[in-house]
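Participant: I'd like to ask some things about the structure below.
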Amino acid sequence: MGRMSISLSSSQHIVLLLSMIIVVGFAEDRAIYLVLMEGDPVAFHGGGSMPFEEGKRLDPNSKASKTHAKNLVNSHDQLLQSTLKLGSYNKIYSFKHIVNGFAVHTTPSQAKVLESAPGVKLVEKDRGAKLMTTYSPQYLGLPTGVWSQEGGDRNAGEGIVIGVIDTGIDPMHPSFAYDPTNPFLSNLSRFSGGCETGPRFPMSSCNGKIVSARYFSAGAQAIATLNASMDFLSPFDAVGHGSHVASTAAGNSGVPVIMNGFFYGFASGMAPRARIAVYKAIFPSVGTVADVVSAIDQAIIDGVDILTLSVGPDAPPEDTITLFNVFDIFMLFARRAGVYVVQAVGNQGPDPSTVVSFSPWAVGVAACSTDRSFPGTLVLGDGRRISGVGLSGPTLGNGLLQYKLVLAKDAVKANGTFPRTPQYVEECQYPMALDPTVVQGSIVICTFSAGFYNGTSTVTAIIDTARVLGFTGFTLVANPAYGDFIAEPIPFSVPGIMIPKLADAKILSDYYEQQIYRDPSGLVRRYSGRAAIGDGRLASFQGKAPTVSRFSSRGPDIIDNSRNLVDVLKPDILAPGHLVWAAWSPMSIFDPILMGYNFALLSGTSMATPHVSGIAALIKQFNPSWTPSMIASAISTTASKYDNSGEPIMAEGVEIASLYPSTPFDIGAGLINPTHALDPGLVFSSGFEDYISFLCSLPNIDPPTVKAMTGRSCNNSLPYPTDLNLPSITISALNGSRLVKRSIKNVASKPETYLCSVLQPRGLTVKLSPSWFSIAPQGTQDLFIQLNATETLDSFSFGEIVLTGSLDHIVRIPLSILPVAVS
């Protein structure tokens, strides 16, 4: 009996164990889901039948606002409790200020249940969020242009608050210091931020220049174990990216840039007197859309004027149209609240349709170079000079003294106990691989090979090897097996130079081989080659500029993951984003080579974006009544398509060093011109209801979807999406002919007469009506554009409408048309 009992118990145990294995085998991984709900958020809750006044600021601290916010949070909790299984979810955020919704950490099956719950408009999986100057103010003409009109750099941006959603800020940086000798004069009573403290961020960090600082970590904490040594739960920036962006937009003027004891000039933001509101939403370990949109929700209700987004999803949504993804919906309602929203278009160029700025209500910024470069030089023993890149000081003697040249391959220890991989043998990554007696005091030639190609090798490791073994200097040269490589000037704490072109690397290789003696086994017995490294820290200002940066994402704009096109021009505008000096966090978690530095010279559309937000702040200061669309129009219609030599702006292509004439899908309207944008003459204005009409006109989008996503009915659909009153015209499939309408407002102080002309796109005829018009101050004028296809094309054709005013205003409207059938 006892044995039978034991046998049954064992069987039961086995069955139980198997059932547990089955349950575990089918366990679902949790993820963050973003949920949008029906019902008005706090900012747009009228409390009755009164229509919302666009751009009107509501008091978030009023009794009515607080009551409505509490009710929204309660409704989110009740929905989750009544819909999902107990213990299957964790609510991360309630969105209540500009969007009604929440973020929840749960399983895919539970998220599926939420989709059919009452009041739910959208459930979207969080795709994660990623990160996307001393000279650019001068390059853009600010000191003698806009700044001079607004009282100089001591007043430029006064009274404007720029919200920066990024990796935080280093409050100790001089770019964000408060100057008691130059106190702020403006009253920010309309702004109601807060100062959240924590590690490395005491209350004194909010000093008047930094007027608000918050951090958003619930999303990050839900999906990752944060590292307390770098993922600080405070607004402090351990990365450097957020500080770089904030200082480019609104950093103090006249801040000296000193690295490795060398003075590079003075740094300044575009709007140096603007105030900064910090919203940390990206952490070193992870970034989530949930944290970013929660930051947007808070920034708008705080009362920022400009919102800077150099972060966000870096790919289109998988299961919804681009314009209806949660990130873009938040930006739509930020725009409805009267905030100018500017975002990076992404760094996935130069391939077409790689932009991640999709919607017409956010300004997408592309990146370009300026005419500043930091050329380096390697001087050979025979007097020849090889150009290269390297932000380092010269070898001792400033090029006059020369040192032994040693190829790393020739200095590898014969009997070393290390793998004979490129990282050890030729890339100078490991000091134990090289013979100290050979390389000490020499300039060592390291070769770009497999490790650099796959991203596992770094210049930082070369510098460490150089320090350990006592190199006089180093050079990293191109390898015939991998071709030319892209080299950006980064600070080297030892003399160094990168030679990224094969043709130049061959000159060095040939010279080296001619100057050495090898024995029959191939070992070098005598090194006779000599070289010196010149100073690579001196800026050069020459050459054609701007040029669209290779990495800058390109249009045309897409509406879904299948890359179907939408009739919106992206990018919107071009701004400096290549080799931008700006503030940096000395912790520099992601970039060891910049550790300990207060400044960094970086490239990316992340760097271009704050240029535009800072300039928008200057325009808002000068024209305080202008809406976001008026600011966007002014920036667009006054931009330039031409470089400093008067030729069309060129764009970098797929092949390294290749160039092609840019199109609006590379540059948008062109290079931003702050001085002209301050006084554009005419503007194209559009508001929230216009964007709803635009959405309602999109093909294959039904009115119930628009109603569900925006809360607005399709009562006034446009004939075509092209009729949205943008300062550009884009048609991705012109079937014969189309009549397009634009409405223009005169924002100048005097009446003006405009002559209308067209730079005709290939394959079309474009006729304007009227051909000229006179317009009074604050007057409006309708412009009708008749487009007729004369031939079908397999690629877009580009042109331009130019309105030339009698008082010297010039208004440009880019045309991007793909004719698919003849009229």
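We number each residue from 1, going along the chain as drawn.
Heads up, the Cβ atoms here are built off N, Cα and C, so glycines get one too.
Remember, predicted model here, so these are calculated numbers, not experimental data.
What TrEMBL shows for this protein is this:
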type: SIGNAL; residues: 1-27; note: signal peptide
type: DOMAIN; residues: 62-131; note: domain 'Inhibitor I9'
type: DOMAIN; residues: 157-642; note: domain 'Peptidase S8/S53'
type: ACT_SITE; residues: ASP166; note: active site, charge relay system
type: ACT_SITE; residues: HIS241; note: active site, charge relay system
type: ACT_SITE; residues: SER606; note: active site, charge relay system
type: DOMAIN; residues: 723-817; note: domain 'Subtilisin-like protease fibronectin type-III'
Participant: Give me the Cα-Cα distance between HIS241 (active site, charge relay system) and ASP166 (active site, charge relay system), rounded to a whole Å.
Facilitator: 7
Participant: Validating a neighbour-count step here. Other CB atoms within 10 A of the CB of SER606 (active site, charge relay system): how many?
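Facilitator: Around the Cβ of SER606 (active site, charge relay system), 28 other Cβ atoms lie within 10 Å.
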Participant: In the domain 'Subtilisin-like protease fibronectin type-III' (723-817), how many residues does DSSP put in helix, strand and coil?
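Facilitator: Secondary-structure breakdown of the domain 'Subtilisin-like protease fibronectin type-III' (723-817): 1 helix, 63 strand, 31 coil.
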Participant: Please report the distance from the Cα of SER606 (active site, charge relay system) to the Cα of ASP166 (active site, charge relay system), rounded to the nearest angstrom.
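Facilitator: So the alpha carbons of SER606 (active site, charge relay system) and ASP166 (active site, charge relay system) sit roughly 10 Å from each other.
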Participant: As a test of the contact definition, list every same-chain residue at least 6 positions from ASP166 (active site, charge relay system) whose Cβ is closer than 8 Å to its Cβ.
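Facilitator: Correct list: LEU131, ASP237, HIS241, GLY242, VAL245, ALA246, VAL278, TYR279, LYS280, ALA281, ILE282, THR308, SER310, VAL311.
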Participant: Work out, from DSSP, the number of helix, strand and coil residues along the domain 'Inhibitor I9' (62-131).
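Facilitator: Residue counts for the domain 'Inhibitor I9' (62-131) by secondary structure: 29 helix, 21 strand, 20 coil.
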